[in-house]
């Protein structure tokens, strides 16, 4: 099991032209420069200073996470096999394709090896570019080969520095989004500082570098920044076209780098649908965003050799359904309150029915079952019936797919982020409800607007989108902890925007009958500055202590195993074991696998369940037959799985297998009445006794404190 230990000493646009005039040309001290020349110069100076802060904070974040990674593992000093082992589980699998491309005799041979891969899944040839989102590894390996840097930079450093560099893009995108929403770069500064000080809950890049989300989320943040700019009013046609192009490129790159892109963009499409239905966004721009999502995903589908999981995605079905329903219901946004509500309910039902019909039709035509495990998991998670499905329970029992722990909120509150977020969320939710009711009731007519201009609650389209975006992704994060990084990063943007927003403070002061323009400006700048000072004084010493703490990678058992495999087994040997371990076997040794952690394939899921019978109560002949059917030469058993204590009873891997096989579970506790005792003892325990019924099929060839490797007999 991989651990770390204490290191031993030894080896050596501020406010743009389309913002309200009240926000334009305002100094941080609340004074407005006199004269058009002074205002223009101040704008240029402010944008320059804000841009410098954005780039500086982005680069500092990259250096910060890179330093943490180095200090935690002593990455520059450990051996290559230890570096590769540090890429745990699926991270190691993805990095192995980068390594494979680097080591190939030519780029063409490397690509051929990926398209016709027979080492990732034994007795089967698969197309890696079709099955997995690894184009980033392909691009990076080609870039490394053609650039004159081989003598100065090792491939692994080129890879990890690229990922750490993307963190700079991520922070700059968050900074710019907050700046665009509030009209002041001070908001962006606060958002970036919150992102850094809440690092534990905003990113995990420093210890899961090759994970797909670390590639994708920076592009998602860029896309949100571009959408925020697109939703502003009074854009020139050229600005709008360029912004749409930026949204498309960011959407395409996000979709290309993460297999869960379709689910994230479905939530985004739901946000657009809600706001468009409530007349809070311009319909034309929303239509363009639907089209961009579809076209970006279809382009990725082409690059992934027409991956059927993309074609059968709910996102494509939903977006097409919305566009069709809108064509059918042309007078959706006309009439009084009751009329509009009736039309809206019919519209929602029509879109829902069309989505299900289109999606079912596509899946029927393509015979698509790749994503069925996700829907089984969701059905079980939200209480629509208990399940004995092995794949669904495997997800349900993982902490990462459980509810968001409550201690997350205490950490976010310690930086004042959660308090600020809750405050802004409440105010803007109230404003959104008022605006939505006014829109639906038809009371937003021009004459009434002019009459009540002084008191009417307003919500700009970009702020409305940010509100619904954060609410929907917040619900996702609360239900599934692994998805919290999509929420917490935007939480930094949303909270900082609210604290620096003229509209928010204007609304509060008007409600308290204390509104003046000068008072609004003073509060708008003083509250964020006080918050920044608090964060700096409280967390700067902790960050410095964190950067000075030195540790060292330490996992001698896994290192010993990988070295033994490389030295004592043929290059063509096929290994079976847990998904997580086998990803490391492929990366460190290049041996062929029976299964791996990329779970988005029905055949692989069935294969993994069969391989995992090594931890179930099965006869030695049954296990041998299963393993040999996949061409297995060696099987690796792990004590940490066989005698697992990390999960409670009912969630241990052996329990999931017992229930799926209809056997009662080990230990004290209840069992479902139809479960029966197995006729055989647990394979992973019994094989260690060297009984004749086991030794006829399996011979132990390697053993240490953690792993046991058995060679399978070659019976005729």
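Cβ coordinates are placed from backbone N, Cα and C, and glycine is handled just like the others.
Note that this is a predicted model, so its numbers are computed, not measured.
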Legend entry - Matching range for TrEMBL feature annotation, transmembrane segment, among 521-540, 541-560, 561-580: 521-540
Inset, instruction - Check each of the ranges 165-186, 187-208, 341-362, 363-384 against TrEMBL and return the one annotated as transmembrane segment. - result: 341-362
Legend entry - Listed range which TrEMBL flags as transmembrane segment, given the options 117-150, 287-320, 593-626: 287-320
Legend entry - Stretch carrying transmembrane segment according to TrEMBL (options 15-40, 41-66): 41-66
Inset, instruction - Report, as numbers and ranges, which residues of the same chain sit near the transmembrane segment (521-540): CB under 8 Å and 6 or more residues beyond its ends. - result: 26, 28-30, 184, 186-187, 189-190, 193-194, 197, 415-416, 420, 496, 499-502, 505, 509
Legend entry - Beyond the flanks of the transmembrane segment (462-481) by 6 or more, those residues with Cβ under 8 Å of it: 177, 180-181, 224, 227-229, 231-232, 267-268, 270-272, 274-275, 280-281, 381-382, 399-405, 425, 428-429, 432, 435, 487-488, 490-491, 493-494, 497, 501, 503
Legend entry - Beyond the flanks of the transmembrane segment (287-320) by 6 or more, those residues with Cβ under 8 Å of it: 127, 129-131, 133, 135, 227, 230, 244, 247-248, 251-252, 254-256, 259, 261-263, 265-266, 268-270, 272-273, 326, 351, 354-356, 358-359, 362-363, 366, 368, 370-371, 600
